[in-house]
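First comes the structure, then the notes that go with it.
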Amino acid sequence: MAAVLTVLVLFLAVFLAGFILLVIGAINFDFSNSEIPPGVNQPAKLRIIHVILICTAVVGRILENIGICTQVSFVRYMQGRRTLGKDPKLFIKDLWFEKVPVRIYQPKAPSASQRRGVMFFHGGGWVFGSLETHEELCRFLARESESVVVSVGYRLAPEHKYPAAYQDCLSATLHFLQHLQHYGVDPARVTVCGDSAGGNLAAAVSQSLAGSSELPRLRAQILIYPGLQALDFNLPSYQQNRGVPLLFRERAAFYMLQYLNGNATKLEQVLEGSHIPVDIKLKYSKWLSPDNIPEKFKVRGYKPHVLLDCTTEVFETFKGFCEPTLCPLFAEDTIIQQLPESFILTCEYDVLRDDGLLYKKRLEDNGVPVTWYHLKDGFHGIINSFNSDWFSFPAGKRGLENIV
C-alpha cells in the first residue's frame with residue numbers, strides 16, 4: 001500500500017511539475033512574442049488578462065492531450081461559466097427564432113411608445129463567444145438605451161463552417177423583423193450590432209437586407225472593431241499591432257480559416273498573401289488599398305507588401321474570401337449605397353483597425369452617413385470588459401457610452 005501511495009504521489013508531482021513548466025513556457029512565449037504599446041492605458045492589467053487567457057488555453061491543450069475534452073470546448077466552458085441572475089430592470093427570456101437560440105432583453109419600465117430593437121451578434125472569432133459571454137453587455141445596452149435587445153446564439157466553427165453563423169444571424173433577424181409587434185418594437189428603429197466577428201456578421205446581414213421592400217428597413221448598423229476582409233493581413237494595422245493582445249495577427253487569420261474551412265492548414269500562405277490570385281487582388285485594390293487609409297495611421301510604421309500570386313488549386317480553398325457574406329468589404333457599390341446609417345468603432349492598437357477604416361471610407365464614398373468613434377488607447381476586445389470589476393478599462397467604458 002505504501003509503495004502504491006509513493007508511486008501515486010510521484011506521478012502527481014511529475015504531472016504538476018510538467019503542468020507548471022508548460023504554463024511558464026506559454027507565459028514566457030507570450031511575453032517574447034507580444035507587445036503592449038506605451039499608448040495603452042493600464043498595460044499591466046492587459047498583460048494579466050492575456051496571461052490568464054494563455055493559461056486557460058494551455059490547460060485546455062493538456063486536457064485534450066490526455067483525452068478528457070477538446071481545447072476549444074474547455075475554453076468555451078471557462079468563458080461561459082459566469083451567471084448574473086435576474087435583472088431588476090429587465091425581462092430576460094431564452095427563445096428560439098426558427099432553429100436559432102436567442103436571448104431577449106426587454107425593459108420592465110412601461111413605455112409610451114414602441115421601443116427600439118437591437119439584433120446583437122457576439123464576437124469570439126466565430127469559434128468562441130456565446131449568449132453568456134456577452135450577457136452583461138447586452139443587459140447594459142437594453143437598460144441604457146431602453147431597447148429590446150435580441151442576442152443571437154449562432155453556430156460556431158470549426159464544427160459549423162461558413163456560412164452557418166451568417167445564416168443563423170440572418171434567419172434570426174428575418175424572424176424578428178417579421179414579428180416586431182410581439183415585442184413592442186418600432187419597425188422604423190431596428191438596428192443590427194456586433195463586436196469583432198459579430199461586427200462582420202452584422203455588416204453581412206445588413207447588406208443582405210439592403211433594398212428589401214418586403215421587410216422594415218434597418219435603422220442603423222453598429223460595427224464594433226469588425227473584421228471585414230481576409231485578402232490582406234499586411235495592412236498597416238496588421239503590421240503595427242501584430243503582437244498586441246488580445247488579438248494577434250496570426251490569430252485573426254486563424255479564426256478566419258476556422259470559419260471558412262474548419263481548419264488552419266494553410267495559415268502561412270494566408271498571412272503572406274499567396275492565397276488569392278493577383279488579378280483578384282487588383283480587382284479589389286480600389287477598396288482594399290492602404291492608400292485609402294489616412295497617413296496618420298501609418299506613422300507607427302508600415303512597409304508596403306509585395307503582391308504574391310497563387311495557383312488555381314490553392315485559390316479553390318480560399319475563394320470564399322471573395323464572397324461579401326464572409327468579407328463584407330467587397331460588396332458592390334449598388335449594395336453599399338442602400339445601407340443604413342452606420343456607427344463604426346475602431347481601436348488604435350487592434351489588427352482589425354484598418355478593416356473598419358476601409359469600410360468607413362466605402363460607406364462615405366457611397367453617401368452612407370457614418371458616425372466613427374476611435375479609441376486612441378483602445379485594443380481589440382476592450383468593450384466586453386467594460387464592467388468586469390478590476391479588469392475594466394476607461395477606454396472600454398467610453399466606447400460603450402458612445403455606442404449607447
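The count begins at 1 with the first shown residue.
Cβ from N, Cα, C; glycine included.
Nobody curates TrEMBL annotations by hand; they come from automatic prediction.
Note that the structure is predicted; figures quoted are calculated from it, not measured.
Per TrEMBL, the feature active site maps to S196, D350, H380. The domain 'Alpha/beta hydrolase fold-3' annotation in TrEMBL covers 118-264, 321-383.
The average per-residue pLDDT of the prediction over the domain 'Alpha/beta hydrolase fold-3' (118-264) is 97, rounded to a whole number. Cβ neighbour count for H380 (active site): 25 (other Cβ atoms within 10 Å of its Cβ, all protein chains included). Taking a C-beta cut-off of under 8 Å and a sequence gap of six or more, D350 (active site) has these contacts in its own chain: Y225, S237, N241, V244, L247, G378, F379, H380.
In terms of DSSP secondary structure, the domain 'Alpha/beta hydrolase fold-3' (321-383) contains 23 helix, 19 strand, 21 coil. Annotation for S196 (active site): same-chain Cβ neighbours under 8 Å, separated by at least 6 residues, are G123, G124, G125, I224, Y225, P226, G227, L247, L352, H380, G381.
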